[in-house]
Each structure stands twice: as structure tokens, then as C-alpha cells.
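Quick look at what Swiss-Prot lists:
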- 18-189: domain 'FAD-binding PCMH-type' (DOMAIN)
- 165: active site (ACT_SITE)
- 240: active site, proton donor (ACT_SITE)
- 336: active site (ACT_SITE)
């Protein structure tokens with residue numbers, strides 16, 4: 001087990017680059033270390049922060065508790081049959097590196113999720129998604145450490161109760177399950193999913209007349225994301241700041257009467273998903289800035305740390321966007337990242 005560090009600067013551990021310190025900090029290198037970590041005097045189940053890539057958190061103040069940084073690594077094939085491969089990745093693996101690894105192995109299923117920041121362990125929590133694919137579509141099972149019983153358990157896809165940007169790990173299982181690895185069910189035969197946005201055109205450009213591959217899709221997604229989204233290493237951000245709101249069919253119809261060009265995505269249950277970035281853009285908020293926090297000038301869905309932003313700058317900017325969008329469309333936006341502590345949530 002790694003030594004505990006005290007008063008640790010968390011700026012390098014959150015992609016928005018907010019300044020905060022942890023009262024205590026420890027790096028986890030192997031899942032088995034959890035049995036020892038939960039017995040540390042600094043460990044408090046109610047306050048411990050399990051930290052991955054820090055790409056989905058907003059540190060609003062110093063963290064008065066133990067931070068466990070998940071650094072366990074490893075990828076292995078578990079089984080292969082009937083055109084399907086089960087492959088397990090440890091929670092500390094960098095997500096995009098893992099996606100590229102599976103593509104290089106000739107496996108299909110994760111290519112649409114290329115370049116999403118964060119670690120493998122975060123993928124089930126948020127049920128990450130992009131370009132028509134969600135993590136739930138490819139997750140077979142999730143291996144966790146159950147803090148109730150202090151044993152390792154395996155949860156099936158159904159056990160995880162996935163929904164849009166939701167899962168068991170954000171609801172009833174929050175504070176109980178520590179994700180240590182994820183098993184993905186991937187295909188050996190490439191079946192492209194190109195029905196979202198301008199992905200098909202970019203893939204056609206890259207494949208140049210030949211039959212497209214999973215690598216073409218991964219490269220296309222990466223190129224599109226790089227053209228629209230800032231690199232958090234250069235300009236701090238947490239990716240998409242707001243969830244795409246889901247409204248009733250009646251509400252969507254009313255909005256369409258006033259905004260016939262409004263992007264909308266009908267859902268299986270009859271509701272309609274709207275594009276949060278389009279709503280924000282219609283309010284002419286690109287480039288809008290409060291203190292050091294700003295709406296990105298190319299992608300309205302992304303808030304950036306433009307100039308040493310404070311936590312209060314970020315909160316005020318997010319509030320302004322929520323109020324402005326609601327005033328114009330009567331649609332409520334909800335933030336994707338987790339506010340820490342949660343009392344700061346909008």
C-alpha cells in the first residue's frame with residue numbers, strides 16, 4: 001500500500017484545474033489494497049472521495065477527507081466465442097487509451113466513445129456516451145468492492161440500472177460500491193454506428209472509398225472532438241457541462257412551432273431529447289465570461305477555465321446559463337459533473 005500524503009494539492013487531479021487541497025490522499029495501485037485502506041484511521045466511508053481522472057468533478061473548496069486516487073492498471077481478455085470477446089480493464093486505465101487498445105486488437109464497440117476524458121472506472125458511473133453509443137451498450141459486468149460487506153462482488157449490466165447519464169452507482173449504490181474493474185462485451189466483426197451528427201461524412205472522408213473500419217470511426221470521432229472541444233491540458237474543462245434535457249413530446253412540439261430548426265432526438269418512451277449546446281447557443285452565450293470561467297467560443301456546451309477561475313466563478317456562470325436558457329425556452333438544464341461538496345450543486 002502506498003503512503004498517505006497530507007494537505008495534497010488536487011489541482012493536477014481535476015481537469016477543470018480548480019485549486020483545492022485534500023486533507024489526506026492515497027494512491028491505490030491494486031484492488032486488493034482496498035481491504036487495508038478501509039481500515040486506515042483516516043478512512044471515513046461517508047466522506048471518502050474515490051477519484052479517477054477528475055474529469056467529472058468540480059472541487060468547490062478544500063476536501064476535508066481522504067481522497068483515494070484509483071491508479072490500478074491492467075487489461076486482459078476473459079473469454080471469446082461467437083464473434084464476441086469479453087475484455088476486462090482495471091478502473092485506473094485511461095479511457096481513451098483503453099479504447100485505442102481495443103481498436104488495435106480488431107475489436108468493435110467502443111470506437112464511438114473515443115477521446116472521452118477520464119478513466120475506465122468512471123464509465124459505468126456516468127454511463128458515458130457519445131455519437132449514438134452509451135457505455136451500457138457494451139458493458140457486460142462491473143467488479144466492485146462492496147463497502148457493506150468488505151468483499152468483492154460482480155454486478156451484471158442489469159444490476160447497474162443504467163439510464164441516460166445515470167446508474168446504480170449514482171443512486172442507491174452511491175457510497176457502497178467502489179468500482180475496481182469493468183468487463184466489456186466487444187465484437188470481432190465491425191458493425192458501424194454512424195447515424196449521429198456529422199460522423200458519417202467524416203468517416204467517409206477518412207476511409208477514402210474503401211470499406212470503413214473501427215479505427216476510421218475512432219479517428220473520425222477524435223478529429224471531430226478535437227475540432228470542437230478544448231484539450232483540458234491546455235484549457236481546463238470537464239467536457240460537456242450540461243446534460244441534454246429530455247422533455248415531453250408536447251413540450252417539444254410547442255418549442256418546434258417557435259424554433260423549427262431545433263435539433264431533437266425522439267426517445268423510445270415517447271419523450272424527446274434536446275441539444276443543450278444548441279439551447280445555450282441560441283441564447284448567444286458563447287464566449288460569455290464570469291471571472292475566470294467562460295463558455296467556450298466554439299462549443300457552447302463546454303465551460304472552460306480561461307483565467308485561473310475560482311469555484312465561485314464556475315458556479316455563477318453555470319447559474320447564469322441555467323436561468324437564461326429557462327427564461328427563453330422554459331427548459332431546465334442540469335449539470336453533468338459532480339459538485340464537491342454536493343451542497344454546492346445547482
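Glycine is treated like the rest: Cβ placed from N, Cα and C.
Taking the C-alpha positions, the distance from residue 336 (active site) to residue 240 (active site, proton donor) comes to 7 Å. The two recorded residues, residue 165 (active site) and the residue listed as 'active site, proton donor', show a Cα separation of 12 Å.
When the active-site residues 165, 240, 336 are scored by other C-beta atoms within 10 Å, 240 scores highest. Under the DSSP three-state reduction, residue 240 (active site, proton donor) is assigned to strand.
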